[in-house]
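The domain 'GAF 1' annotation in Swiss-Prot covers 75-224. Among the features that Swiss-Prot reports, 3',5'-cyclic GMP binding site is placed at Ser97, Asn116, Asp169, Lys170, Lys171, Thr172, Thr176. The feature domain 'GAF 2' is assigned by Swiss-Prot to 256-433. The domain 'PDEase' annotation in Swiss-Prot covers 486-819. Annotation source Swiss-Prot lists active site, proton donor at His562, citing similarity to another entry. The divalent metal cation 1 binding site annotation in Swiss-Prot covers His566, His602, Asp603, Asp723 and rests on similarity to another entry. Annotation source Swiss-Prot lists divalent metal cation 2 binding site at Asp603, citing similarity to another entry. If you look up Swiss-Prot, you'll see 830-842 marked as compositional bias 'Basic and acidic residues'. Residues or ranges marked as cysteine methyl ester by Swiss-Prot: Cys859.
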Amino acid sequence: MGEVNKDAVEKYLENNPQFAKEYFDRKMRAEVLGSIFQVSPGDVKEGVSFKDMSRLEECNILFELLTEIQDEAGSMEKIVHKTLQRLSQLLARDRCSMFICRSRNGIPEVATRLLNVTPTSKFEDNLVNPDKETVFPLDIGIAGWVAHTKKFFNIPDVKKNNHFSDYLDKKTGYTTVNMMAIPITQGKEVLAVVMALNKLNASEFSKEDEEVFKKYLNFISLVLRNHHTSYLYNIESRRSQMLLWSANKVFEELTDIERQFHKALYTIRMYLNCERYSVGLLDMTKEKEFYDEWPIRLGEAEPYKGPKTPDGREVNFYKIIDYILHGKEEIKVIPTPPADHWCLISGLPTYVAENGFICNMMNAPADEYFTFQKGPVDETGWVIKNVLSLPIVNKKEEIVGVATFYNRKDGKPFDEYDEQIIETLTQFLGWSVLNTDTYDKMNKLENRKDIAQEMLMYQTKATPTEVESILKYKEKLNVKSIEECDEKDLIRILKEELPDPKDLELYEFRFSDFPVTEHGLITCGIRLFFEINVVEKFKVPAEVLTRWMYTVRKGYRDITYHNWRHGFNVGQTMFTLLMTGRIKKYYTDLEAFAMVAAAFCHDIDHRGTNNLYQMKSAAPLAKLHGSSILERHHLEYSKTLLQDESLNIFQNLNKRQFETVLHLFEVAIIATDLALYFKKRTMFQKIVDAIEKMETEEEAIKYISIDPTKKEVIMAMMMTGCDLSAITKPWEVQSKVALMVANEFWEQGDLERTVLQQQPIPMMDRNKGDELPKLQVGFIDFVCTFVYKEFSRFHKEITPMFDGLQNNRVEWKTRADEYEEKMKVIEEQKKKEEEAAAKKAENAAGGGGGGEDGKSKTCIVL
């Protein structure tokens with residue numbers, strides 16, 4: 001057999017391709033092929049195509065790519081670069097490129113990331129740095145069109161394609177003939193566009209090339225999706241941390257917007273991913289003072305023609321806070337910044353404040369609209385590269401400031417995710433302004449309240465002259481100032497001016513205030529405190545007691561019934577229940593002191609209308625207090641008086657005693673709300689039942705006095721008894737008081753009819769005034785009888801009140817019956833008249849026009 005040479009073998013294999021394939025598949029060892037193809041990208045042999053590669057070779061390449069993907073240390077760009085190198089080799093194309101898709105200012109775009117990748121090119125040469133990017137909107141270039149349509153394109157001749165742009169060819173000196181382009185997507189979002197340019201040894205890319213291209217693009221897709229998911233995770237992590245920490249600091253500082261912004265922005269600096277950022281705070285003044293307008297109106301000054309915010313304010317940054325994060329961290333605060341400050345000179349913050357737009361600029365110094373400083377802005381040598389500026393908008397949609405962020409740390413321009421995360425931050429900061437605004441409003445309201453209280457005190461508080469009309473120290477002690485007087489002398493001369501309680505029947509349940517002047521009632525009130533022996537025991541200054549009593553009298557409005565006379569009567573009845581009714585034995589002197597004082601104050605500043613009217617009319621008191629509206633107002637008014645040291649009759653008590661007094665004031669005054677009466681009367685009845693079964697007085701005293709709750713229940717019922725006590729007075733007094741009460745109710749009814757456009761209930765309807773006796777009987781039976789009957793059981797000394805109530809019921813019942821009889825007669829008369837009229841009408845209709853007797857006047861029936 002002859003020698004077989006190389007040429008003969010090669011010729012045989014070419015003529016018998018099926019044999020060659022079977023032989024190589026069966027005989028060629030994997031180690032040999034592996035040694036051929038396991039080479040670095042730089043050593044890849046030119047011209048090796050997918051056709052020339054076995055499955056084993058393909059597996060080796062795929063394994064290598066998977067190894068690169070698995071290596072977490074490798075960057076996304078490096079892995080994609082290696083994949084594109086393999087594709088360049090396999091597809092026999094001249095080069096590959098990758099464009100990254102992103103959005104800025106809400107506009108999508110594509111930017112060069114890997115350019116002109118060949119099987120032997122270096123990564124550093126192919127990677128496009130952020131400052132050298134070429135950016136296309138989606139309506140220019142094939143890459144943009146692919147990103148827009150999200151479709152694969154195989155273009156045999158780019159010059160015949162309407163979307164082709166030769167901008168990059170001119171910039172790089174390259175000539176593009178044909179290409180394949182495919183989008184890399186995640187869901188509906190386009191992440192990148194990969195392009196294969198200029199098929200070698202052919203005029204266009206084949207169907208087989210398309211399959212290979214799409215096949216290996218799965219690796220790039222996997223890498224990009226993994227990178228994008230990681231990036232989104234980082235974004236959300238930063239967003240949550242920013243919101244968490246900014247919320248923490250925002251709610252730490254509620255007093256001042258500058259401190260609030262500063263604390264929040266400084267705390268989250270590590271999550272902002274930028275080299276520097278600044279916050280410009282805008283002046284919130286909408287209207288100039290009138291004296292600032294005068295020069296303009298007189299023509300001495302030009303009106304403002306500069307930029308204004310959307311709500312019409314002049315754009316005026318009153319402060320800039322500059323946060324430097326590169327190099328040594330530093331914070332600069334620039335109050336009243338000049339117009340040529342580097343933060344403002346570009347005009348970008350002013351533009352954002354004027355229009356409220358988000359501005360994202362990738363190459364700021366080259367921008368033609370804004371004049372950014374091209375060189376270093378300060379001594380640190382730092383220069384502006386890219387900028388993201390956003391308005392800070394509060395809940396009223398007013399722009400309160402502008403936040404500007406400079407130079408993303410990785411050198412890339414800010415993208416849509418940076419916009420979103422920082423917009424979330426600025427929105428939160430804008431909304432948090434509500435906290436400081438609310439705090440400021442609360443402060444103003446508090447200050448207004450203090451001023452109003454001061455004005456009220458000035459008008460209500462007893463003047464020195466009024467105090468001197470009772471406490472005549474100048475006349476009797478021959479001094480110019482009360483400070484010169486000894487307290488014992490003041491007590492002595494005060495007692496001399498007070499009436500004798502027996503002369504005025506202050507100890508009697510039948511006491512009437514009608515013979516006494518309102519000024520005289522003030523001295524009577526002071527006398528009651530001396531009678532329960534609390535003035536000297538608790539060291540109440542004579543001047544303070546006199547001023548407080550006079551001020552309480554002035555605190556009552558001049559209305560029909562709930563005036564000072566009613567207030568005094570309730571205080572006198574409380575005194576009588578304690579002393580004459582002998583209930584004082586259950587209470588300490590301090591408690592008795594507080595109870596009488598609270599009784600005097602219980603209706604102070606009453607408006608002449610009830611709680612229901614306050615709610616119907618949406619009065620401020622109804623908004624301030626949810627329940628027992630007027631009673632809580634009387635309580636707050638009383639406490640306000642005690643806050644003034646010159647009116648505080650409890651000023652010499654210790655802290656615990658004073659707290660006890662305030663608590664008793666609350667229980668006593670709130671208890672006058674009749675809506676609470678039905679809740680407490682069962683409890684009071686049980687106490688009375690228990691007392692009746694006790695054999696000795698000492699046992700009863702112990703049963704009540706050691707239990708604060710029982711004492712409070714009794715005190716609450718005492719306040720109800722005092723408040724309604726006018727109905728127990730002698731008939732001559734009670735009938736007059738009842739008319740005053742009715743008149744006040746009718747006045748409220750008139751208001752309901754005219755102001756609220758509502759029909760009042762019968763008790764408040766002036767047109768039903770004749771029903772007053774009937775209403776009084778119903779009120780006595782439904783409310784009053786239980787109170788005084790139980791008190792007469794509780795202490796027989798209180799029986800005169802129950803007797804007075806019963807006598808008055810007889811009087812009202814008599815008048816109610818008379819009214820009923822009168823109404824019955826009227827109804828019967830009215831009924832007769834109606835029947836007569838009906839009969840007359842019937843006769844007229846049925847008589848055929850006859851006379852009154854139903855007979856014809858012209859015809860006689862024989």
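Placement of Cβ uses the backbone N, Cα and C atoms for every residue, glycine included.
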Helix-strand-coil residue split for the domain 'GAF 1' (75-224), DSSP-based: 58 helix, 49 strand, 43 coil
Within the compositional bias 'Basic and acidic residues' (830-842), residues counted as helix, strand or coil by DSSP: 13 helix, 0 strand, 0 coil
Extent of the 3',5'-cyclic GMP binding site in Å [max Cα distance among Ser97, Asn116, Asp169, Lys170, Lys171, Thr172, Thr176]: 16
Check: same-chain CB within 8 A of divalent metal cation 1 site center, minus His566, His602, Asp603, Asp723: His562, Gly567, Asn569, Val570, Ala599, His606, Thr672, Cys722
Secondary-structure category, per DSSP, in which Asp603 (divalent metal cation 1 binding site) falls: coil
Integer mean pLDDT for the domain 'GAF 2' (256-433): 87
Of the recorded positions listed as Asn116, Lys170, Thr176, His562, the one whose CA lies nearest the CA of Asp603 (divalent metal cation 1 binding site): His562
Rounded Cα separation (Å) that holds between Lys171 (3',5'-cyclic GMP binding site) and the residue listed as 'active site, proton donor': 94
Environment of Ser97, Asn116, Asp169, Lys170, Lys171, Thr172, Thr176, the listed 3',5'-cyclic GMP site - residues of the same chain whose CB lies within 8 A of the CB centroid: Leu115, Leu168, Gly173, Tyr174
Long-range environment of the compositional bias 'Basic and acidic residues' (830-842) - Cβ separation under 8 angstroms, sequence gap at least 6: none
